[in-house]
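> Quick paste of what TrEMBL says about this protein:
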- A:6-291: domain 'UvrD-like helicase ATP-binding' (DOMAIN)
- A:27, A:28, A:29, A:30, A:31, A:32, A:33, A:34: ATP binding site (BINDING)
- A:292-572: domain 'UvrD-like helicase C-terminal' (DOMAIN)
- A:655-671: compositional bias 'Basic and acidic residues' (COMPBIAS)
- A:655-694: region 'Disordered' (REGION)
- A:677-686: compositional bias 'Polar residues' (COMPBIAS)
DNA sequence: TGCTCACTTGTTTTT
DNA sequence: CAAGTGAGCA
């Protein structure tokens with residue numbers, strides 16, 4: 001162990017060996033946070049803590065898995081396996097299954113994912129005959145989710161004046177009733193949503209002091225990773241488990257808090273000190289990942305935020321190259337420019353050391369296309385996870401129904417898949433009977449006559465057949481291991497036959513996914529058996545898989561591929577070279593956050609996360625136009641580009657950004673970009689005339705306010721000259737007003753579609 | 001009941 | 001551009 005301690009710097013060491021009370025480790029980007037956590041756990045084991053009495057909570061399954069591996073490397077796999085290590089959601093779902101009866105659930109409860117929740121909300125809105133334009137399901141879902149994260153049950157919601165008034169003001173007074181119905185339906189179905197896993201844990205601990213006492217005594221030391229991303233419910237769980245004893249160590253970086261949309265509360269880390277008196281703070285400020293230029297650029301950016309824990313992150317690596325700013329005409333060109341640079345970079349490092357990061361998943365397509373055309377191998381992370389694909393989820397729904405027949409969402413998904421002549425009308429009848437009698441759909445199905453379901457004989461027969469199908473699976477599930485019952489289910493339900501007859505490309509893909517799923521189950525069984533479990537049931541598999549939204553399928557990790565992912569997904573990772581694309585107003589920062597200073601700060605932190613992923617090279621790219629929602633729109637370079645100190649940037653060709661600090665009057669005309677659009681001018685006007693940087697951030701860019709221009713003097717067939725592409729002929733027009741663009745056949749550069757507004761065409 | 005086709009509409013990040 | 005919805009028809 002001493003040998004391992006030597007691998008740590010002084011502040012890391014102090015954080016590892018400190019056991020005299022609550023500890024807060026502020027870990028700057030790339031400062032060896034994971035190393036501290038793993039060694040701390042190893043240290044605890046060395047001090048005699050039993051592995052199964054250490055609780056380590058992480059943010060993603062992947063983080064947990066990797067940390068476990070690293071610990072196994074130090075203390076051996078046998079010991080590492082006994083640790084309670086995982087995400088909040090997975091750890092507490094385990095505890096909830098054990099204690100389910102206390103809460104009126106059974107241990108085989110289903111976990112509803114976000115889609116299940118949304119579907120349930122949709123059907124409740126429909127049943128209540130509300131307008132889904134007013135009661136927008138997504139909005140209701142996030143309201144309920146926020147309430148749950150703040151530990152407001154539906155009963156508390158009804159009594160919360162503030163919330164009720166809010167809803168009244170927003171003309172959605174019935175949210176409280178939707179919430180109440182939603183919760184009852186979940187209970188009825190024996191289901192918990194993601195937020196329930198935390199909420200119910202809190203209720204369990206609040207209402208059953210003996211249970212809380214049991215776990216509080218059981219866990220002798222608690223560690224929490226990514227503490228800046230915990231929400232109130234998570235914070236309270238931790239607090240309850242550690243009450244009165246200081247055996248707690250939380251690690252995080254307030255500058256990397258990027259999950260407030262999910263209820264994460266940055267105050268948890270900012271106020272940790274006040275909440276846990278006697279707590280010791282450790283700061284890890286030396287960055288081991290990146291060159292000085294990257295660290296300094298990131299520092300200059302994050303300095304523009306207000307609330308943060310003071311720290312000075314520094315690097316002692318070489319100065320390194322400056323951050324490259326890349327500007328392109330369009331999203332299309334951007335993707336190709338990035339692909340070209342990736343190709344070039346290949347001379348310095350393998351593809352696997354490079355990543356292209358973007359704000360939204362939708363941006364991946366065009367990048368993929370560019371990579372494919374250049375024959376660059378890539379791997380896209382995120383988007384739909386394996387378990388969320390329709391064909392996989394349908395099969396999983398059968399599994400869910402077998403384990404918990406009251407699962408309403410699984411029932412609805414599966415009852416007519418493959419089609420067996422039970423349509424919407426019949427399902428609606430079942431639902432309405434279930435609602436009137438307050439029972440599950442499955443219960444109604446058991447005795448159609450008892451619940452007065454008005455179906456004709458033919459339909460009744462089909463329903464009975466479905467019931468028998470599920471019953472027969474349920475029976476066999478008692479004895480069979482997971483892989484065998486799973487195979488029986490996909491065969492006898494008719495899914496295999498259905499998918500096998502579809503010979504289209506995507507049909508084949510679906511069939512392969514099905515095989516993949518079955519293979520996954522078989523592997524799961526095998527691993528569990530090797531760990532000493534005799535019989536591995538379908539329920540075991542399901543309990544695990546419901547929380548595995550992580551991207552950890554295919555084993556092609558070792559091949560040399562460029563990584564494409566969202567910035568969120570990149571948190572915690574590092575790459576030799578990073579390309580951050582789409583740095584434009586309304587995209588990064590997102591349009592959703594433009595009027596909200598707090599949200600803008602979060603977007604800035606997100607950008608900070610993106611930059612600090614880079615070890616040696618970082619490229620920041622934006623396009624001047626982008627295809628969005630079915631049409632091309634013009635873009636303004638992101639305000640964040642102006643937040644980075646110029647001396648760390650290397651800008652080239654057309655773009656030279658306005659300097660945030662210098663005043664307009666001082667700027668010489670020559671220092672302006674050669675290529676200036678009216679929009680850019682509008683943006684420049686907005687730069688503060690004197691000192692206060694704040695203005696830059698607080699003034700929203702007046703995008704649409706730019707005056708409409710008249711381009712009517714350009715005609716089809718006219719010969720024009722363009723500054724970059726030379727001479728050409730106008731073939732056609734598209735769009736109106738400021739978005740009017742012309743398709744031009746250039747003599748030397750081929751066809752281009754250009755905004756008249758930008759193009760500054762000259763009539764010949 | 002179930003399928004197809006035309007139409008509308010909406011936009012972020014994820015355990 | 002995508003997904004989701006609603007009408008029309010077998």
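From the backbone N, Cα and C atoms, a Cβ is placed for every residue, glycine too.
Just so you know, TrEMBL annotations are computer predictions that nobody has curated.
Neighbours and distances for these, please.
Same-chain residues at least 6 positions away in sequence with a Cβ under 8 Å from that of residue A:28 (ATP binding site) are, in sequence order, A:253, A:255, A:283, A:284, A:285, A:286, A:287, A:311, A:313.
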> Can you see whether DSSP assigns residue A:27 (ATP binding site) to helix, strand or coil?
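Where residue A:27 (ATP binding site) sits, the three-state DSSP reduction gives strand.
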> Compile a sequence-ordered list of residues in the same chain as residue A:34 (ATP binding site), six or more apart from it, whose Cβ lies below 8 A from its Cβ; state 'none' when nothing qualifies.
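Those within reach of residue A:34 (ATP binding site), by Cβ under 8 Å and sequence separation of 6 or more, are A:63, A:66, A:67, A:70, A:225, A:572.
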> Out of A:27, A:29, which of these binding-site residues shows the lowest number of other CB atoms within 10 Å of its CB?
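Least crowded of the binding-site residues A:27, A:29, by Cβ count within 10 Å, is A:29.
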> On the three-state reduction of DSSP, what should I expect for residue A:32 (ATP binding site)?
coil
> Could you name the residues, excluding A:27, A:28, A:29, A:30, A:31, A:32, A:33, A:34, of the same chain that surround the ATP site, i.e. Cβ within 8 Å of the Cβ centre of those residues, in sequence order?
A:36, A:253, A:284, A:287, A:288, A:289
